[in-house]
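**Student:** Residues or ranges marked as compositional bias 'Basic and acidic residues' by Swiss-Prot: 147-162, 224-233. The compositional bias 'Low complexity' annotation in Swiss-Prot covers 167-183, 203-221, 234-248, 271-301, 318-345. Under the heading compositional bias 'Polar residues', Swiss-Prot lists 184-198, 302-317. Per Swiss-Prot, the feature SUMO1 cross-link maps to Lys176. Residues or ranges marked as domain 'XRN2-binding (XTBD)' by Swiss-Prot: 19-126. Summarising the annotation, Swiss-Prot assigns domain 'DRBM' to 452-527. If you look up Swiss-Prot, you'll see Ala2 marked as N-acetylalanine. Annotation comment: Swiss-Prot describes Ser124, Ser234, Ser378 as phosphoserine. Per Swiss-Prot, region 'Disordered' is recorded for 122-345, 383-407.
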Amino acid sequence: MAQEVSEYLSQNPRVAAWVETLRCEGETDKHWRHRREFLLRNAGDLVPATEETADAESGARSRQLQQLVSFSMAWANHVFLGCRYPQKVMDKILSMAEGIKVTDAPIHTTRDELVAKVKKRGISSSNEGVEEPSKKRSIEGKNNSSVERDHGKKSAKTDRSAQQENSSGSKGSSTKSESSGTSARSNSGVSHQNSSTSEGDRSVCSQSSSNSSQVTSAGSGKASEPEAPDKHGSASFVSSLLKSSLNSHVTKSTDSRQHSGSPRKNALEGSSVSVSQSSSEIEVPLLGSSGSSEVELPLLSCKSSSETASSGLTTKASSEANISSSVSKNSSSSGTSLLMPKSSSTNTSLLTSQVAASLLASKSSSQSSGSVASKSTSLGSMSQLASKSSSQSSTSQLPSKSTSQSSESSVKFTCRKLTNEDIKQKQPFFNRLYKTVAWKLVAVGGFSPNVNHGELLNAAIEALKATLDVFFVPLKELADLPQNKSSQESIVCELRCKSVYLGTGCGKSKENAKAVASREALKLFLKKKVVVKICKRKYRGNEIEDLVLLDEESRPVNLPPALKHPQELL
């Protein structure tokens, strides 16, 4: 058929010239050969008979010609490109192209053909039979999750109620045991005090030591108990017991004043009051009562004990009884001073002042009274020295802690020696950076002063997903800088990447300094190869090791000083 068309055009050159005017620009010979046949088959009366008629075409004729050209192009697109058009257009162009044989047209499979093939094979499409099972599964999953949540809530509630019952039971048992323990302790203390009145001086000393040991054990035992409300309850219970014991001691002291019979009884009563004083002074702070009770209760007990002591001294008694009572008082006060450094100084001052007053009023022997005063003052001075030493030790511990903290904060990094392993880790990155910088320089026309060196270097490093580290330091802070730098160059800039030194620059501003440093760094990439080496640099007057980027031929001589310690940046 193609031969027939070519023969026809050779016989009618006028028609051939007219058809050539309908060819599109850039249309291939194969497409044009088949589309030309389509035009000639359906042209009919549109082919001009003479040149005059071709020039004087009417409007209807031109519209028909444009429609024919459009149909021919649609048919060519459908045959060679696989384009699809509305059904009316497809029917029209296929009917117009009957009889045209296209042997070398490509094969295009449409969507309908693919769906038909899939259905023939028995494979269901992705949209069929999927929605209902998925809905059912989602509903079943929701129901199962809701049931599991209900079971979890019920089990959590039962666990919480069981824990609360156990905790309440343990709290009740602990409070009961504590109250029984405190009542037993108070009863034992009262029985010991009653028995002490009928015994001698040795029994009094043993009683005071046993009471102090019992109090310390009780204090340690209660300090280990973790519950705060039980502590407050026991403290209030003990404070009420202490008030009742104080009232009983006051009545006993008044009775002793009225019935001042034998010196033996007065001494024993004074020793019993001192024992109660030591027990009250020790129990109050250990059981966790308030600070006011710590101060007020010892003062009251001191007054009662000093009054009994003065009454015992004013009576004409033997010196041995006075000495024994004073020794028992001083021993009890020393025990309290070791456990209570706060109230010891006030107790000793009251004792010394009242003993001095009793010495002026009494007619007893000066040696015994002097021994009492000297013992009390020595004990007071010892307690003060102990408190001072403890305070000094505590204050010495505080600055040592602060200095250790400051030293730990100042040392942020540990210096380690650089090895060849560090070079092996860094070298592959700079080999890739060398190629990237080379391509960037080619893109901007090579290395020249007109190029923004800082932006070019930063872009090359960011292309490899790394960052350019920039550090600025005023020139005044660098003592290792060469002396040929002028005073106007007041800013120093250092460039690093991957903890490797690239270059240093000085300038009037930060931008100028960074530009100079970037230019010096880019000069390294103009050589044949860049190498990471371990070199020595100066940092605050000391030589340190640093990773430096150099070209293969150069040797590190007079490197600029480091602005920051390299180990800090690793």
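Using the three backbone atoms N, Cα and C, a Cβ is placed for every residue, glycine included.
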**Student:** Which residue counts does DSSP yield for the domain 'XRN2-binding (XTBD)' (19-126) in the helix, strand and coil classes, in that order?
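**Tutor:** Going through the domain 'XRN2-binding (XTBD)' (19-126) residue by residue, I get 69 helix, 0 strand, 39 coil.
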**Student:** Mean pLDDT for the domain 'XRN2-binding (XTBD)' (19-126), rounded to an integer?
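**Tutor:** Taking every residue of the domain 'XRN2-binding (XTBD)' (19-126) together, the mean pLDDT is 77.
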**Student:** Let's see if you can do this one: DSSP helix, strand and coil counts over the domain 'DRBM' (452-527), in that order.
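**Tutor:** With helix first, then strand, then coil, the domain 'DRBM' (452-527) has 29 helix, 21 strand, 26 coil.
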